[in-house]
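J.: Quick one: structure below, then a few questions.
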Amino acid sequence: MEVRVRYAPSPTGMQHIGGVRTALFNYLFARANGGKFILRLEDTDRTRYGEEYVQNLFDTLAWLGIEWDEGPDKGGPYGPYVQSERFALYKKHADELVEKGQAYYCFCDAERLERIRTIQTMNKMPPGYDRSCRHLTAEEIKANIDAGKPYVIRLKVPLEGVTRFHDALLGDIEWKNEDINPDPVLLKSDGFPTYHLANIVDDHFMKITHVMRAQEWIPSTPLHVLMYRAFGWEPPQFCHLPMVMGQDGQKLSKRHGATSVNEFRARGYIPEALINYVSMLGCSYEDGRDLYSLADFEKLFKIEHLNKAPAVFDYKKLEWFNGQYMRLMSDEALYRATLPFLTGTGDAAIPVNATEQFPAPKVGPDVSGVSLDENGAPIAEGLTSAQTKEKLLQLMPLIKERLHFLCDAAEMVRFLFTEPAVPPIDQIVPKKLDAAKTKEVLEASIDFIQAIPSLDHEAAEELARKTAENLGIKLGDFMMPIRMAVTGSRVSPPLMGSIAILGADRAVERTRKTLELFK
Ligand code: GLU
């Protein structure tokens, strides 16, 4: 039997880590088993529906490189794959359950349901429908319908007994039927299906073999099993995925940091890092490697690799992956990936929910000094776009080691394309030196800077060490004032390389300007 799995999001919000993990695991399971991965839009909740969320779903999966075999845009043998285009099917099947005596019409209006709720709350009883319409006679039903009374269709949940199902990860799970939602609505009075009805009708007709979804859906599963039975259908295999928690053991949420994939994109995470990290959230692989590509996971994924325990989302670990993947990029690829962050375009233009804990990344031409010309090529003041690109390419190997996120590049390239303001004197003087000594350092650095372009890296380091020694100071205290003078910042790419790319003349000029402060 061919494996068929689906990712079935409701377009009521931006794609977040949890959803993407569900999508990924389904996708990987399909690929690992030569099966099909189906994308289905569960858009029955029209009040929370947003067109932008549908777009975001497509964008996010495309960005991650997760491809589906059947889906809204692609079609397939069991389409349409959008629930709002399948309403007639759900109604037909709700009616079928009524005919079979497995579901019933309920004419209770909102007012009555509200009254039941109030009484239940007052008596500290569990909430739920009191099943009064379950016992209407055929005549009463006919009279209500003839009178044009609106109705919903409810499932007849067995009053006693238990419902069991097997979860591929968690094993056998059983629920007392008395603990299942008393007679949930399948079809609403406006003819819209509820999630439960549409979800299982679709899983059945789309021939889904395995339902892999978050553990928060477990309480719905006994109900779904009852519905499959009521229809006389074979339920799929269920596999409920471990939860994703923050470091504090609470369900991962905005409080912990970025959760929507958009935010990760806008902060300069790269898809390979996210794929690698998220595929290991609650899933471990035999060979204990750290770095896996999507193609690796497509071969290796197994349900047996899933953990039962919740996964803890570790932002630092994801950051580590991000760094690793950026270091693996060629200079040209890194240049292309960072350019949007230098110019504030593309991914870098996606709005982020900045908080104090997670401030908005600093990106854009006012940070980097690089903008795009009318042909989409990088351009900086006083340079042609070819020169700008050349300088950026030269700089890539230097900044590669220091990037945590693509957005970090904006500040790191700035010194090349803008004249930094001369920093205040107290920022230039190292803690261990005084102003007089710092002045000496800067004076001595002029010769040093001028020598750099003709020296290789080792010789330049040796010269720096010697000069520091002659001044009787540590190497760090020698470099720091020069770094401040040349780049205007304490954090810059490696100094010697930076000077070589900037040009000794400009570096000396900046140093002289800074020296004026000490006169
Ligand atoms: N539409 C549901 C969601 O938004 C799907 C749950 C399921 O996979 O059954 O997560």
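Backbone N, Cα and C define each Cβ position, glycine as well.
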J.: If you check TrEMBL, which stretch out of 246-250, 251-255, 466-470 is marked motif ''KMSKS' region'?
T.: 251-255
J.: Under TrEMBL, which of the candidate ranges 9-19, 174-184 is annotated motif ''HIGH' region'?
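T.: Residues 9-19 are the ones TrEMBL records as motif ''HIGH' region'.
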J.: What's the CA-CA gap between K254 (ATP binding site) and C108 (Zn(2+) binding site) in angstrom, rounded?
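T.: One finds 39 Å between the Cα atoms of these residues.
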J.: Determine the Cβ neighbour count for K254 (ATP binding site): the number of other Cβ atoms within 10 Å of its Cβ.
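T.: Excluding its own Cβ, K254 (ATP binding site) sees 13 Cβ atoms within 10 Å.
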J.: Compute the mean position of the Cβ atoms of C106, C108, C133, H135, which form the recorded Zn(2+) site, and then list in sequence order the other residues of that chain whose Cβ is within 8 Å of it.
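T.: Going along the sequence, the neighbours appear as Y104, Y105, F107, Y129, R131, S132, R134, L136, R154.
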J.: Using DSSP, tally how many residues of the motif ''KMSKS' region' (251-255) sit in helix, strand and coil.
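T.: Final tally across the stretch: 2 helix, 1 strand, 2 coil.
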J.: In sequence order, which residues at least six apart in the same chain have a CB under 8 Å from the CB of C133 (Zn(2+) binding site)?
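T.: For C133 (Zn(2+) binding site), the qualifying residues are Y104, Y105, C106, F107, C108, R154.
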